[in-house]
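Undergrad: As annotated by TrEMBL, pyridoxal 5'-phosphate binding site applies to Arg38. TrEMBL lists Arg60, Ser61, Gln68, Arg276 with the feature substrate binding site. Marked as tRNA binding site by TrEMBL: Arg234, Arg361, Lys426. Under the heading compositional bias 'Polar residues', TrEMBL lists 435-449. The N6-(pyridoxal phosphate)lysine annotation in TrEMBL covers Lys247. Annotated region 'Disordered' per TrEMBL: 429-449, in sequence order.
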Amino acid sequence: KGKCPEDGWDESTIELFLHELAIMDSNNFLGNCGVGEREGRVVSGLVARRHYRLIHGIGRSGDISAVQPKAAGSSLLNKLTNSVVLDVIKLAGVRTVTSCFVVPMATGMSLTLCFLTLRHKRPKAKYIIWPRIDQKSCFKSMITAGFEPVVIENVLEGDELRTDLEAVEAKIKALGAENILCVHSTTSCFAPRVPDRLEELAVICANYDIPHIVNNAYGVQSSKCMHLIQQGARVGRIDAFVQSLDKNFMVPVGGAIIAGFNESFIQEISKMYPGRASASPSLDVLITLLSLGSSGYKKLLKERKEMFSYLSSELKKLADNHNERLLDTPHNPISLAMSLKNLDETNDAAVTQLGSMLFTRQVSGARVVPCGTVQTVNNYTFKGFMSHANDYPCAYLNAASAIGIKKQDVDVFLKRLDKCLKTFRKEAKQEKSINEISDSNTATEQLED
């Protein structure tokens, strides 16, 4: 049926299935005689076993989705993977999606492929409207495709950084709709930035007849992000949305899913990919989804949401204990931010030092963001880089509740963070005492004089 099974398969069943697919490829035929330059020859048995002898990859030289006559098994694997992934995207909340395909590139290069496809539709266009998000790969995806990003600064609403819709529309009018390739928006992001106002952006794109590409990097795991995409497509225009395989399905880095609501446009993107492609990302995600089943994946989504609530409440308690606060970012369903105002005021280097301390204590993924960092990316200078704004009011620390996170991860992180912050407070008290003694000695000397 081309759908994700309700209940996951056991490993021996999955391996049997993959071996059946592999013996359909010509390189595994007993009497095969290959006289071409690409015959699926592999010297190392270890490499062959690692890939289940599915050596031919996917697609043909002109289309990543095309069937290879001498690789029937690999072609079937590709079609089944795309079909199963489409079913899971619908299950996760984008019910009207019509087409998708797995591409063996991470999110940034997959976005580039989308932009290059649009170039043929809009030959005059040279600009991409981009509500700012301080993440290098999505910025470089536009540069690599040969376009000029037009950075729209976010607006501060309470603690949240949100899309400046008026600035987007003003820039479209100033540049001319025909000169704009697309609007490049974002769903999943680090707090205090929150998902873009997708519905409003989709309406603007429909009104001005401008394509709309959504960076949904780790948004599949969030019902809120997927709802925004579904609603955006319902009320306005979304041409394609791109998501990472590793972040959403817990597989090795190296693959993404390009999906959309117009099947012919998604096929155009797949035909833009030059040459054949590695089957590894498709193989990884198919094995994972067959082992989980739709019920297993839904269970992971539910657990992630529960862990987000737990992380939020516990991080708030810890922040209060250290005279800091959990930033109020209700529109961000995955990432949280805790202020580091007192730490920043105590010592300029303390914020970045906290990040180093956490990393050496084996806490990965937590980001500390100091105020006023300046970073140049492809000749464009970002002030306040990593904070998604030129002048965010305070330094802060990020933590995320992503798919697969466990209660133990949260508890250990909070324990180690608490210990690090206590170390800073202790050092600050000692320094204050030393300064007070020094000031007292100076005053005594002055009196004696």
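Cβ coordinates come from backbone N, Cα and C, glycine included.
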Undergrad: Would you mind reading off the Cα separation of Arg234 (tRNA binding site) from Arg276 (substrate binding site), to the nearest angstrom?
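TA: Arg234 (tRNA binding site) and Arg276 (substrate binding site) have their Cα atoms 34 Å apart.
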Undergrad: For the C-alpha pair, I'd like the distance in angstrom between the residue listed as 'N6-(pyridoxal phosphate)lysine' and Ser61 (substrate binding site), rounded off.
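TA: Rounded to a whole number, the Cα-Cα distance is 29 Å.
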Undergrad: Around the Cβ of Gln68 (substrate binding site), how many other Cβ atoms lie within 10 Å? Please give the count over every shown protein chain.
TA: 18
Undergrad: Measuring Cα to Cα, how many angstrom lie between Gln68 (substrate binding site) and Arg361 (tRNA binding site)?
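TA: Gln68 (substrate binding site) to Arg361 (tRNA binding site), Cα-Cα distance: 49 Å.
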Undergrad: Quick one: Cα separation, Arg276 (substrate binding site) versus Lys426 (tRNA binding site), in Å?
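TA: So the alpha carbons of Arg276 (substrate binding site) and Lys426 (tRNA binding site) sit roughly 59 Å from each other.
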Undergrad: For Ser61 (substrate binding site), which residues in the same chain are close in space, meaning a Cβ under 8 Å from its Cβ, but six or more apart along the sequence?
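TA: Once residues fewer than 6 apart are set aside, Ser61 (substrate binding site) is near Pro274, Gly275, Arg276.
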Undergrad: In sequence order, which same-chain residues at least six apart have a C-beta under 8 angstroms from Arg361 (tRNA binding site)?
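TA: Long-range Cβ contacts: Arg416, Lys419, Cys420.
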Undergrad: Taking the residues Arg60, Ser61, Gln68, Arg276, which the record names as binding substrate, find the longest CA to CA distance and state it in Å to the nearest whole number.
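TA: Taking every pair among Arg60, Ser61, Gln68, Arg276, the longest Cα gap is 10 Å.
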Undergrad: Cβ within 8 Å of the substrate site centroid (Arg60, Ser61, Gln68, Arg276 excluded): which residues?
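TA: Other same-chain residues near the substrate site: Gly57, Ile58, Gly59, Gly62, Asp63, Ala66, Gly275.
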Undergrad: Which ones in the same chain are close to Arg60 (substrate binding site), with CB under 8 Å and 6+ residues apart in sequence?
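TA: Result: Ala66, Val67, Gln68, Arg276.
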Undergrad: Looking only at Arg234, Arg361, Lys426, which the record lists for tRNA, tell me the maximum pairwise CA distance in angstrom.
TA: 55
Undergrad: Just how many other Cβ atoms lie inside 10 Å of the Cβ on Arg276 (substrate binding site)?
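TA: A 10 Å sphere around the Cβ of Arg276 (substrate binding site) contains 21 other Cβ atoms.
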Undergrad: So which of the recorded positions is most packed in, judged by how many other Cβ atoms lie within 10 Å of its Cβ, out of Arg38, Lys247?
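TA: Within the set of recorded positions, the most crowded position is Lys247.
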